[in-house]
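Asks: Got a structure here, written out as structure tokens. Questions coming.
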Amino acid sequence: MKLRHLLLTGAALTSFAATTVHGETVVNGAKLTVTKNLDLVNSNALIPNTDFTFKIEPDTTVNEDGNKFKGVALNTPMTKVTYTNSDKGGSNTKTAEFDFSEVTFEKPGVYYYKVTEEKIDKVPGVSYDTTSYTVQVHVLWNEEQQKPVATYIVGYKEGSKVPIQFKNSLDSTTLTVKKKVSGTGGDRSKDFNFGLTLKANQYYKASEKVMIEKTTKGGQAPVQTEASIDQLYHFTLKDGESIKVTNLPVGVDYVVTEDDYKSEKYTTNVEVSPQDGAVKNIAGNSTEQETSTDKDMTITFTNKKDFEVPTGVAMTVAPYIALGIVAVGGALYFVKKKNA
């Protein structure tokens, strides 16, 4: 019995040898491993709560000939890997499997499939891999089970020796809040109070932290702090100072508000300036609800205060100004006449 099994297996391997693509991609057994690699453009980027889904389906473009067949549909044609906000550091590579042991093959041969990444949940800031991989499932007669079974698998991309690996990149953005004080009465040394609220969503949960750098006047190194999503972050800025959220996730809603300084005779204007976008001006002390994009954002709060000259002082000074003008005019007339 064993001799017969070996002879059959050897014959099958010889028959299918012409269809083997690269030895580096061969997997023994009935399970195909798919690797997902999430590259962080910003090493401090928050990883979203999301799934990446892969689909395998019969390759209907195959011309069936001899031992070459279109694949047989799997009972479970979809598999996925899951990422959460807790995935940090070196945990950005994950794997999933397709199991061909559940498939009933009618006869030995090489069965062809295609594996792709599905864009079921398209996360803002994530670029998706559009590669389509070819999978060859080599089905041999199994003497013990008395039926054809998946014995080894070859997965590859045309012209490549690498195994099936889908690569995605995750980008983050920056949000800069600047302070400007103008006018003859504006206090350039005053600390103005602000609040920043980042709102949680399905991808980024409350209490997850982003990094903030505060730049002050004088050329000192930026001071680094953290802000939590869904918690009001308080900060102060003087004229010429700023804060920058350095790893703001794309697709997060936020609001920046300054305290109301009308009682101190300040008028406030907010300038919202997206990178490569249209500038928006808001009369008031708060932004509208903004949504972060893959373009960096700069928001400038300008507080203006001018001193008014008291009416009494103006009335008292006015006669002297008039007399001065008359005196200067008379002097000029005298000089001009003398020269004539």
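Residue 1 is the first one shown; counting continues down the chain.
The backbone N, Cα and C atoms fix where each Cβ goes, glycine too.
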Asks: Which one of 218-222, 263-267, 308-312 shows up in Swiss-Prot as motif 'EVPTG sorting signal'?
Replies: 308-312
Asks: Rounded to the nearest Å, what's the C-alpha distance separating Glu117 (site 'Autocatalyzes isopeptide 36-168 formation') and Glu258 (site 'Autocatalyzes isopeptide 179-303 formation')? Just drop the number here, would you?
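Replies: With distance taken Cα to Cα, Glu258 (site 'Autocatalyzes isopeptide 179-303 formation') is 45 Å from Glu117 (site 'Autocatalyzes isopeptide 36-168 formation').
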Asks: Validating a neighbour-count step here. Other CB atoms within 10 A of the CB of Glu258 (site 'Autocatalyzes isopeptide 179-303 formation'): how many?
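Replies: Counting Cβ neighbours of Glu258 (site 'Autocatalyzes isopeptide 179-303 formation') within 10 Å gives 21.
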